[in-house]
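S.K.: Relevant sequence annotations retrieved from Swiss-Prot are reproduced here:
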type	residues	note
DOMAIN	64-202	domain 'Flavodoxin-like'
BINDING	70-75, 117-120, 153-162	FMN binding site
DOMAIN	236-450	domain 'FAD-binding FR-type'
BINDING	Thr324, Lys358, 388-391, 406-408, Tyr412, 421-424, Tyr601	FAD binding site
BINDING	Ser521, Arg522, Lys527, Ile528, Tyr529, Val530, Gln531, Asp563	NADP(+) binding site
Amino acid sequence: MTTQVPPSSLLPLSPEQLARLQAAVGEFSPTQMAWLSGYFWGMVNQQPGAVVAPAVAAPAAVTITLISASQTGNARRLAEQLRDDLVAAKLNVNLVNAGDYKFKQIAQERLLVIVASTQGEGEPAEEAVALYKFLFSKKAPKLPETAFAVLGLGDTSYEHFCQAGKDFDNKLAELGAQRLLERVDADVEYQESAQQWRQQIVAALQARVPAQSAAAVAVTPSGAVDEITSSPYSKAAPLTAQLSVQQKVTGRNSEKDVRHIEIDLGDSGLRYQPGDALGIWFDNDPALVEELLALLWLKGDEQVSIDGQNISLSQALRSHLELTQNTTLIVDKYAALSRDEKLIALLADKSALQHYAKNTPIVDMVRQAPSDLNADQLVALLRPLTPRLYSIASSQAETENEVHVTVGVVRYDIDGRPRTGGASGYLADRLEVDGDIRIFIEHNDNFRLPANPETPVIMIGPGTGIAPFRAFMQQREADGATGKNWLLFGNPHFTEDFLYQVEWQRYVKDGLLTRIDLAWSRDQADKIYVQDKLREQGAELWNWIQQGAHIYVCGDANRMAKDVEQVLLDVVALHGAMDAEQADEYLSELRLARRYQRDVY
């Protein structure tokens, strides 16, 4: 059958429109033509009041869950940057702090991205412990419908580099989830590798998920990630403040050198909360710089490039490069450069290599294995200088425009030569009162006083771990908090090492500090530590927990914090009539409720 085209005079189309229509419809099948006729009829009849068949709903947009598992803020900042990248790519993203993530919903996740830091001996960040324990428990579900990616942040100066990221990555795969990308393990100088990873993960997610219109993109950050106090000052742009007080607070016969530091914030407007940390930038000891230059037969006036700028080698070593922390990677590189037989042999023994890197400063490694590096080789060998973080020991409710920290000065000898910690030596020996110091606040929403001032508080902090609890008590006093307060503190000797003794005695006298238990490890034949005191008071501890107490632990992550946690588990099991698995779950529930918080390092 031949279709006759009506005379052009009878058509509502111009000859040009008719030609375009005929060219277009030539590509359609009869079925498509029939559908188009109905489509055009619907367009003509879609007038106000007309009944139109409802459009088929578009499939719900897939949401990418982005978990930040941060210890010192780096993972959080990277997660926020990735969130912004995904939003710019018109992808739906839910950014959540690991401590606020409802991990029992993980089986419903389709696209999961984790940015995870590592602390201590390969442990996850404090805010990620509950999620970590759940994934490694019998309750963890299979995840065959989940695709994931992990970025690990760590420090090669530690033996278990990026272990938390590795554990998350391996466990998710073991549970049946599919990798979007291979895991990336980033060192202290993580910016370049993290930037590449961000670009790769955005591309991988774009390939999985169709982009949404700008109006449709959902950004649902949750938890503490986006509640950080805003400030013009940061790690990259620190405040230049002034040192106002530097005072030794241990006795002259003490084995420890602990300094109380007060810094004047002036009218900077810098704000912090009890539980936050102070980041301090420092310069290396000029004497250490000269010693290293002399060992390598370098003058120090050689020009080197640091962050795209040419400066003298001496300036680079003093203000830009890490000299007081050695790593296995540096030992490995230096062994190749120096061709030293002892160092090369050391590389074959992982345990011995770790021990050597931990206990041998860079300058002493160079002394023991002489070499003739040039300036560029030396710069390439070393890592960028990084600031040190100290738990803040004051509340602005009392100190206003000041911030206080408690610093344990690192001092030791290598082959009869005195060595000092980078930042602690700078604060104790080289920075003068009224001198300039570059600082920033590292906010820590995972170490906060309870919102209810009537809630009891248990504070466990031996040594310099007492610092944040000084801030806590200043805040509780200023708030007129009526909740009970219990401090457990320990150090070697009562007469030499009772940090802030007068202040604690006043709090006891005034009734603000309900009870205090002290452990002096060297004042008797048998060593006594805070964990021993805690175990002795197990029944009382359980009573406080039953009354809703919040438990805080600050200090050494490798020994003290682990021992304290074991005591807590034992006390819960004994007095709560639970088995080990139930006690562990109970402690995890306390963590999720923010009733068990740790600031350990």
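From the backbone N, Cα and C atoms, a Cβ is placed for every residue, glycine too.
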S.K.: Provide the three-state secondary structure of Gly120 (FMN binding site) computed with DSSP.
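M.R.: For Gly120 (FMN binding site) - judged by DSSP and reduced to three states - the answer is coil.
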S.K.: For the domain 'Flavodoxin-like' (64-202), DSSP counts of helix, strand and coil?
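M.R.: The composition, in the requested order, is 58 helix, 35 strand, 46 coil.
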S.K.: For Gly408 (FAD binding site), which DSSP three-state class applies?
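M.R.: Reduced to three states, the DSSP call for Gly408 (FAD binding site) is strand.
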S.K.: What is the nearest of the binding-site residues Thr324, Gly408, Val530 to Tyr158 (FMN binding site), using the Cα of each?
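M.R.: Result: the closest of the binding-site residues to Tyr158 (FMN binding site) is Thr324.
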S.K.: What whole-number distance in angstrom separates the two most remote CA atoms of the NADP(+)-binding residues Ser521, Arg522, Lys527, Ile528, Tyr529, Val530, Gln531, Asp563?
M.R.: 19
S.K.: When the Cα-Cα distance from Lys527 (NADP(+) binding site) is computed for each of the binding-site residues Ser117, Gly421, Ala423, which gives the smallest value?
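M.R.: Nearest by Cα distance to Lys527 (NADP(+) binding site): Gly421.
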S.K.: Once near-sequence residues are set aside, which residues in the chain of Ala423 (FAD binding site), 6 or more away, have Cβ atoms under 8 Å from its Cβ?
M.R.: Ile280, Phe282, Pro387, Arg388, Val407
S.K.: So for Gly73 (FMN binding site), how many other CB atoms are inside 10 Å of its CB?
M.R.: 21
S.K.: Find, among the binding-site residues listed as Ser70, Ser521, Gln531, the one whose Cβ has the highest number of other Cβ atoms within 10 Å in the structure shown.
M.R.: Ser70
